[in-house]
Each structure stands twice: as C-alpha cells, then as structure tokens.
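A.B. asks: This is the structure, below, for whatever I ask next.
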Amino acid sequence: MSDTNNPGDKTQTRAPSKPLTLKRPVEQGTVRQSFSHGRSKSVVVETVKRRTIGAAPGTVAPREPVAAPPPRPASVAPAPAAPARPAGRSASGVVLRTLSEQERDARAAALADAQRREAEARARAEAEVKARRDREEAERREREAAEARRREEEERRRQEDELRRKAAEDSRRRAEEEAARAAAAAPVDEAPAEAPAAPAPVAEAAPTVAPTPAPAPRPAPAPARPAAAAPAARPGAAPQRPAASGARPGVAGARPAPTAARPAAPQAPAEPRRTITADVKKPRDLNFMARPAPAPEPEKAPSPTTAARPAGTAARPAARPGAAAAEDESDTKRVIRRPGMPLKIITPPKTPKSPGGDRNRGRLTIANATAGEDERTRSVASFRRRQQRMSGHRHEEPKEKIARDVTIPETITIQELANRMSERAVDVIRLLMKQGQIHKITDVIDSDTAQLIAEEMGHTVRRVAESDVEEGLTSDEPDLEEDLEPRPPVVTIMGHVDHGKTSLLDAIRRANVVEGEAGGITQHIGAYQVAAPSGDLITFIDTPGHAAFTSMRARGAKVTDIVVIVVAADDGVMPQTIEAIQHAKAAGVPMIIAINKIDKADANPQRVRTELLQHDIQVESMGGETLEFEVSAKTGDGLPELLEGLQLQAEIMNLRANEKRDGEGTVIEAQLDRGRGPVATVLVQRGTLFTGDIIVAGAEWGRIRALIDDTGKHIPYAGPSVPVEVLGFNGTPDAGDRVIVVPNEARAREVTEYRARIKRERLNARTGGANRSLVDMMREAKEGANRKELPIIIKGDVQGSVEAINGALTALGNDEVGVRILLSGVGGITESDITLANASKAVVIGFNVRAHKEARNAAERDGTEIRYYSIIYDLVDDIKATLSGMLPPTLREERLGEAQILQIFDVSKVGKIAGCRVMEGVVQRGAHVRLLRNDVVIHEGKLAQLKRLKDDAKEVTAGYECGMSFQNYQDMRVGDFIECFNVEEIKRTL
C-alpha cells in the first residue's frame, strides 16, 4: 500500500517495506555484565533523550484490549472525505500526533505480548510441577494417573479453544464497533461530541484485561493548540502541504488560519492502567527494548489532521507498516479508508518470529531502565539457571519400576544378581540382612535365596542349571528296528591276581602279552577283538586283578555285555574274585565261570563250585543257570567250549546296534604319548566314529586325527563294539569318560569348559579351596598340627595306572601320618614337576615313565629325589615303609626299683641331696625317676647323681643307702618315695 500525495500535501510519505527509523540524539557507553562461573561481557549502552509528547485533545475513552481475533472483514459504509487540517502543526510543518499515537499503540501491544509470554512461561512451569506430582502419584496407579493426565490435557485444550473462540468474538465485535465509530466520526468538523457509550461486556472465560468503558466518538477538533504545546518536529518529516482547490464541499476552507486562536481542548483524562493477567503476558521483544515505551493512551477518532486532509489526497492508513511490524500478531484489525473507496478492514501482516527473537529481552539498557513501564524482565542467564534447576529436578524424579525376567543359575554372586535385575547391590544386601544373613557383594548365594530376593523386588524369575549345557548332547530316542544290526559281544575277563586271566586271553588270541607285563601282572586295561570258531567277532576286555585296580574293574563291568570270572582251581575263591562277582552283579550283566589251571596236580574244580555257592552263584553242573567251563591257559584245554558258550550267550541276549547314528563310546584307558600326544582307548558302543569327527570326553575335546585298532592298523571308522585308539584330543581324558560326537567346535568348547569348572570346584571342595572359612582353616590346622604328611608327585604312563596309584596311596596312613598327593598326571617327569617338588619338599614318583633331561639336571641341582617303579606292589611297599618311619615310636616303661628319702643334705655348689635307702629293686645312674609324695607324682625327670658313701656309683641295690640328686629340681622332702625306671622305644609300622 502506498500513499498518493497531491502537490499541496506536505505529509511524510513512506514505503511499507522499509522499517521505521528515528533519528534521535544518541549517546553511547559500555557496561560490563557479570555472569555465573566468572564470565563477563561488555555491552554497548545507548542513552536516548526522552521525548515529551503533549496530551491529545478531547476526552477519549480508553481502549479495551482483547485477545487477537482471527481475520474477519467487516462491511461498513464508505467514510466521507477528511476535513481540512487545522493550524496545529509545528514550526517545521511536521505532523507528529498520528505518529506518536501509533508508536504508543505498538509499544503497548509489545508490552502486552511480553507480559503474555511471561505468563505463559509461568503457566508452563506450574504445569510441569503438576505433571511431576502426577508422575509421583502414578507409581502406584499408573494407568489411572495416565488417564487423568489425558483428561486434563483434553480439558486444557478445550479451555484454550474456548478462550480463542471468545477472544475472536470479542475482537470481531470490537472491530465492528471501531468501523462504525470511524464511519460516524468522518464528518464531525462542527458536530458536537456524542456521549460516551456504555462499557462493553467482557467475555466470561477470556483471561484478558479488566473491563473498561467502550471508546466513544471523537469530538470536533479544537480551534488550535498553543504553540508551546506543539511537540518537537520529527526529523526527516515532510512539511504539510496546502489543501487542493478541488476539495469537497464543506471541507475546503473549513481549516482555520494557522495563526487563529482556537479554544484549548479539554485535557484528556488519564488512561486507567490496564490489569494484565497471566494469560496475556509475554516476554518483551526487541522492539520494546530498543526505545522507551510510552504509557498506553486511549483510542481516538480520526485526528483533525486526517479529517482536514485536502480532497484528492489519499487518507493515511490507520496503521503504518513500520508500526504494524512492531505489533504482535494478536492485534486487532485496522480500519482504513481511501478517497472514493468503501471502508475496508485490513489485518496487518503477521511477522514471523525469529528463533532467537526473545533471547535478549532482559538486556539492560538506559532506555529500558528508565522506561518505568514494568519491572525488568528475567535475563538470559537467569532463564538458563532456571532451566537447569528444572532439569535437575527432572533428573531427581524417581524412575518407574521395570520388571525384568531374571535368569538365575544354581549359584550366583550378589553383584551378578544385582546386575541382572538392574538394581543396586546394596539394596540386595539390605534384603538379605532383613532375613538375618550378612553378606558381601562378592559372596555366592544359592538359587533359592536368589529367587526369593528377585521376587521380593518385583522381578520374574527363570531358574536354570549350569548343567543345561549338556542337554541334547546325547539322544535317548530308541533306534528304528530297520536300522538295528547285530554287533559283537563285549566280554570282560575278571578275577583274582595271578589266576591266569591274561594268560587265558593270550591263549585265545594266540599272543603273549604276559611276558610284556612288568612282574607278569596286568597293570593296564586292554581291549582286543578275537574271531570265534564260528567266524563271529568277540571283543575282550582284560582288567587288572590287583586290589589297587578296583576302579578299573568297575569300569570294565559297566561297559561289558558278559563277564567271565576266572578262578584258579588250586586257589579257589579269593578276595578279588568276590569283588569281581559284586561288580558283575552291580552292573546287571550275566556271568560265566572259567575254572583255570586244571592241569595242575593240586587242582580241585569241585571246591571252586562249592565256594561259589557261598556267594549266590550256582553253576549248571549243580543245577543252576550260570555256565562254567574247566579250561587251561597253558595247554589250551576247554578254550573252544568257552568261546562257544560266549557265542551262545550273545545270541540269547540278541545284541544289536545302529551304525548310522553319531558315534558314542567309553574311554577304557588313556595315556600321554610323547610322540603322538594324548591317546585314548575307546570302546564304541553306539553309532560309528569317523576320522575328522569332533568328540568330547569329560573335560577334554578334540578332532579325531587317527583311529588305530588292536593290531596297530589305521582304520577310517569304528563301529559298535570295536575297541580303537583315538588320537586328536587336546588333553588326556580320564578313564571311564563318555565319548560323544558333537556338531561343531563351539559346542565342544562350551561343554568342556563347564565340565572343567565343575571339576575344579570339586577338587577345591575336596582339598579345601578358597571357599573355606577361617574357622575351618584354624580347625584343620589344629587337627593337622600333630599329623605328619609325605608330599608326593605322581607321574604315570596311563590314566588307569595313575588312578590306581592314587587310590592305593591315599588308603595308606592313619591319624598320625599320611600321604599328600600334590600332583598326579600322565606323561614323563618335566622340569616344572621338579620345581614344584623342590618348593614343597616332595618326592617324585615315576611309574613306567622317565624324567626328561632338563628335569634330571634340575633334580640333581636342587637335590630332589626321583623314584622309578614299574610294579605297583613295589611302589606301595616303599611308600608304606616311608610312612612307618615317620611314625613316632611307642614308649614302654621298665620299672627298676624304689627308694625312700630319709634325710635332706644341702651341699654348696651342688644343691640339695636326698639321703635314701633302696627299698626294692635297683637304682641306676642316668635312669628316669619319679618323685612320689603321698602317692601323688610330684616330679618326673632324670637322676643326675648317684653316690654310695662318697663315691659315685652306677647302681645301688636293695637294702643299701645312697645319695641322689635330680636334674633341675630341688623340692625334695623327708618321707618322699623315688621310683626309678627305664623307657624303651618300640618302632611302629603301618
């Protein structure tokens, strides 16, 4: 919108797009502001001289400020031409009344906006406090509180919508009233002023200003203002132009002469201060802080300057573009009128707010400090501190409880339990203290206690066991009938030592294993396959018969199908024979009795049958069901019949297996070979083992590198009932471990790590590991103070032999002496073994193994003893003799005689000497003596001197008198008896 000026018009013309600039006398200075944390900033301060503006003529009712209405045009009648301007201008001819009124309106609107924004900020803060209280209440009733917040939000929105709607109605009504007043006040150059209208009602729910009277029509312009009352001319303003010759009738010539005196207009009453509520307050923007804001003035009808404007000149708009830009977007619509055009209501364009427009609303300037409109608003630093405090309160808000699914193993530490629940460990310890338990965060609790704690804290518990890693490792599903095929029987030969078990097996295999065994006794468990006369294969397992190999015999009975009990015809049933019978009964396998050595002259097979009846074994020849065969390993008599009986028993048992499934078996024996590494003798029981399979045996795993049968040949696979040597384990497994094929290495590592951990825990529990309390250690130290121990390190050739040695040596000893095995393993003696033995003063025992060169050198340097054995008998006997030498001897007293004290003599440099008479027996010098007083032992020691008269005597017999003195004792009295005796030491044995 632009102004069209006639040649006679001297008013200022401005483009709407240019901002309003005022050239004032300005003084500048600097002020240093201090902020928190030692920060400061220099600020340029402008000092502007305050301009005094005279009061407007006429009595005008104050304007009623309302909320910003939505744009809505109003239809009004066109306004007549403005009357001629009176002579009320300044010496420079600049019109200032309209400009100052617009400026005051803009500043009043800016103040209202600032107060409204500040009120909204306070309302938001109050809403945040209320929301925080609601969240605290929502800990117990979360759903109800959430529903309440939702209803509250809906109510607040509804109220805001209602406020906006009513504010829009008020604004529309006000705009219509202003338009009507503007239309009525156009031809008022000589019309009398109308009475003020009644006050307009205020909307019910609108939180706006207090009710004020509605504006009345402006009165007729006054004749003239005094020259002294004219405000200073605005710099840069154009002089007022004279009226054009083509003015409308009644308008031209209506302007009085500039020098004509005009009666002074009545002074306008002071505008009542508007009461700004919380909803209309907003922070001040930059336009307000740039210059001092005048007090808001009441609205007026079109000024005489505008009314008296000559015809042909477009009427000045009611709101200048520069002033409109300074007003908030909530201002009411403007009413403008152009010559020859209908009256229009124009809504000023909305100025978009910049993101940081309100950032500097609290900056201190001279103009801001001297304005006096309102108290100084909050600074940026203060606002930031308030935001930080609010954010800190939000951080202190209690977090909502989150129920989690907690997985609890069999044992768990308090710290780990707290981490899984996302709780504090101190809270867990506090709950345990309520239950009467005192713990640290590193203590281990059981699964029941952990479940109780987790449920107490509102979590869901899912209990698992560490052994779950072994689930699915073996399949218990029965095999299909079409997959089952006959397999060879597994026969275990058991019996007493030297009853001919290995010789019998050699005769069947046509081999000579006995000569290869040290001492002619079996110290390893062996597995072989033999072809029966019918051509079928039979798998034999040879077990030791020595008492130390009980565990070997038990393993052999568990993996077998048939047990052959070998009994010598000349010895009969012996202790290990009875033990073998018990193992077979415990395993639930059928037994066959082989009566060996029938070729001897003193053989008595019938005595063997009779002795077996004492152990509930009735052979067929005596009406029972147990098969018995008389055989001779030396001559080979009865061996074919024995093999036929084994084949018949296998057919009765209908032994079948599935070769198509993954292989499973049992470790019969294991050893550490220096060239091949860990080697395990495995008996395959189900499925088939292939080269390259990943297998797990106890706490060891590996990939099969090679399969070797009993004849030493490499085979690609091994089926059911086939004994093979397996190479490829990463460690030596224990004899009796289950061998299982797993799909991948990850699964193998998972299983073996769990088993190794369980193995360590059991070892610590058995030897007293880290879980022992101080009381336990003190009790054990007290109990073991008088017990002597022999530390030993054992290295053997195979796992079974080492196990047998451990069992035999552990059984030795009593409460006074015993064996403490520091280390036992398979393989040669290494330098680390010597180092351990030197540190603990232990003896190193090698069973069928030798020490490495480095180990020998270290043993010679440190003086460590290494003993080599190949027969378990010799090893056990030597250790037993060593323990016997550690036993304290038995003391036995031999009474010599008795004497009575008759007189006490004091001898210088000697002390007291007792004059005695030997009552019975003999008293010897250097013998042990015991002083008795009233049949109570007063002292026990040794005789220091023995004299007969004045000569030293070796002994004094009964009836003679002598003098005696004791070692380190002088309290002797007349009438005491002295008993003389000798102490004899007797060597003890285990």
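The backbone N, Cα and C atoms fix where each Cβ goes, glycine too.
Annotation comment: Swiss-Prot describes 1-15 as compositional bias 'Polar residues'. The compositional bias 'Low complexity' annotation in Swiss-Prot covers 74-92, 181-209, 225-270, 302-325. The compositional bias 'Basic and acidic residues' feature in Swiss-Prot is assigned to 114-180, 271-285. Per Swiss-Prot, compositional bias 'Pro residues' is recorded for 210-224. The compositional bias 'Basic residues' annotation in Swiss-Prot covers 383-392. Summarising the annotation, Swiss-Prot assigns compositional bias 'Acidic residues' to 467-483. Annotation comment: Swiss-Prot describes 486-656 as domain 'tr-type G'. Feature annotation from Swiss-Prot assigns region 'G1' to 495-502. The feature region 'G2' is assigned by Swiss-Prot to 520-524. The region 'G3' annotation in Swiss-Prot covers 542-545 and is backed by similarity to another entry. Summarising the annotation, Swiss-Prot assigns region 'G4' to 596-599 and lists similarity to another entry as the type of evidence.
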A.B. asks: Looking only at the region 'G2' (520-524), report the model's average pLDDT.
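C.D. replies: On average, pLDDT over the region 'G2' (520-524) sits at 49.
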A.B. asks: How many helix, strand and coil residues does the compositional bias 'Basic residues' (383-392) contain under DSSP?
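C.D. replies: Going through the compositional bias 'Basic residues' (383-392) residue by residue, I get 10 helix, 0 strand, 0 coil.
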A.B. asks: Count up the helix, strand and coil residues in the compositional bias 'Basic and acidic residues' (114-180) according to DSSP, in that order.
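C.D. replies: With helix first, then strand, then coil, the compositional bias 'Basic and acidic residues' (114-180) has 63 helix, 0 strand, 4 coil.
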A.B. asks: Taking DSSP states H, G and I as helix and E and B as strand, how many residues of the region 'G4' (596-599) are helix, strand and coil?
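C.D. replies: Looking at the region 'G4' (596-599) with DSSP, the answer is 0 helix, 1 strand, 3 coil.
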